[in-house]
Amino acid sequence: MMLSVFGLSVPISATELLLASFVFCLVFWVVRAWQPRVPKGLKSPPGPWGWPLLGHVLTLGKNPHLVLARLSQHYGDVLQIRIGSTPVLVLSGLDTIRQALVRQGDDFKGRPNLYSFTLISEGQSMSFSPDSGPVWAARRRLAQNALKSFSIASDPASSSSCYLEDHVSKEAEYLIGKFQELMAKVGHFDPYRYVVVSVANVICAMCFGRRYDHDDQELLSIVNLSNEFGDGTASGNPVDFFPILRYLPNPALDFFKDVNEKFSIFIHKMVKEHYKTFEKGHIRDITDSLIEHCQDKRLDENANIQLSDEKIVNVVSDLFGAGFDTVTTAISWCLMYLVTSPNVQEKIQKELDTVIGRERQPRLSDRLQLPYMEAFILEMFRHTSFVPFTIPHSTTKDTSLSGFYIPKERCVFVNQWQINHDQKLWGDPSEFRPERFLTPDGTINKALSEKVILFGLGKRKCIGETIARLEVFLFLAILLQQVEFSVPQGTKVDMTPIYGLTMKHARCEHFQVRMRT
């Protein structure tokens with residue numbers, strides 16, 4: 001038998017033809033078997049063809065948020081890719097994401113059972129573990145209440161309005177003194193290395209009731225690992241989708257395991273010390289508050305759900321992480337924009353002088369009277385979108401979205417970067433323009449500000465969002481009231497985001513400050 005292929009005659013036996021037909025049918029049957037049966041009236045999400053075995057991992061490259069944003073322009077706000085053999089639903093568009101995470105929040109509140117997540121808090125992280133049931137919900141409420149009690153609740157021992165204001169004020173004043181000292185010694189500095197410790201000190205004060213020296217090696221060893229943690233938990237980590245990578249030599253994975261082990265040892269140590277000194281009726285911080293709940297043996301008023309000693313460590317670990325990395329990254333990006341847009345810095349300082357003056361320190365209660373500063377922070381959140389994806393979600397049951405069928409336990413990527421750079425929403429998304437958030441009368445455009453998505457939405461929304469926004473505001477207000485940031489003329493400042501769970505910028509060692517007169 002002769003088979004014609006591209007105009008060429010190729011000899012082939014009947015047996016070979018039969019075998020080829022059998023293999024083709026087998027592959028077709030396996031592919032069909034893997035695909036979920038779509039209920040009548042619904043469709044499967046569209047998406048590009050991927051490579052066998054690899055899926056779209058090569059397509060995603062080093063900046064998956066950008067690639068997936070471009071794909072959404074072609075395939076729509078609900079599309080599907082494969083990483084390895086794992087199907088992944090990708091959501092874009094503000095309305096679509098609100099529909100999924102808010103209006104259908106119960107359907108999309110799960111977490112995928114990814115390998116990298118099992119390495120965080122011994123697989124029991126409130127933020128990363130697949131659990132989304134009653135115990136998880138009760139732990140989340142407890143964590144929120146504890147965080148609120150030792151952040152925005154009033155501090156009877158201080159003249160500040162709340163614990164957070166007291167802690168941030170002290171750390172901001174320390175930074176101003178440190179920056180002056182560095183200017184006198186060497187004439188320039190990298191602010192990130194000092195901001196990161198000050199922010200860590202704020203969450204340490206709330207969680208553990210203590211402040212560290214900026215050269216304390218124990219704390220430095222923890223805070224300097226934040227970049228590596230973000231690399232390991234970023235959406236699309238190959239080790240989560242190609243199991244063989246867990247067994248091959250993998251320095252990045254080994255390092256990620258080491259990061260989590262060191263962090264776990266640190267948190268265990270702090271919680272153990274609190275148990276030794278705990279006094280009922282004398283609650284000093286978040287950890288004490290959780291211990292008290294543990295000893296009361298009830299986590300929820302309406303359910304017999306208990307908080308074990310081990311879970312305290314996991315909750316504290318989540319709160320420390322939520323209150324640390326995001327705030328550090330936000331303040332660091334703010335400083336970068338201030339030195340690259342000196343006119344913006346000048347406007348913020350003029351507003352501070354008009355509203356507060358120099359006779360007293362800024363307070364959290366001043367926030368509503370400083371709309372330009374608030375607009376600057378909102379525009380930094382939007383323009384950087386430094387949390388490009390939420391932590392991956394997972395569907396808790398078979399569901400549908402925008403006419404597409406989504407089966408249970410489908411991994412879901414939520415592209416926050418795409419929302420914040422959607423031309424239909426922003427017109428000129430590439431431009432850094434804080435004024436876009438101001439109304440003609442100079443107040444914040446609330447409707448537009450709510451379209452900036454950085455902390456997630458719905459039932460998995462970041463529990464530290466309110467605290468983070470307040471902390472970033474107060475750090476900046478105190479710093480900018482007293483000092484002016486700059487870099488030497490002609491210095492190139494690299495503003496290129498580096499992909500990760502939170503996207504950082506290249507470190508800049510050329511910062512300078514001068515005291516405002």
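Cβ atoms here come from the backbone N, Cα and C positions, even for glycine.
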The annotated region 'Mitochondrial targeting signal' range in Swiss-Prot, which must be one of 34-45, 274-285, 394-405: 34-45
Local confidence of the region 'Mitochondrial targeting signal' (34-45) - pLDDT mean: 84
Rounded Cα-Cα span from C462 (heme binding site) to S72 (O-linked glycosylation site), Å: 25
C462 (heme binding site) and F229 (substrate binding site), Cα-Cα, nearest whole angstrom: 17
Residues satisfying Cβ distance under 8 Å from C462 (heme binding site), sequence separation of at least 6: A322, T326, F455, G456, A468
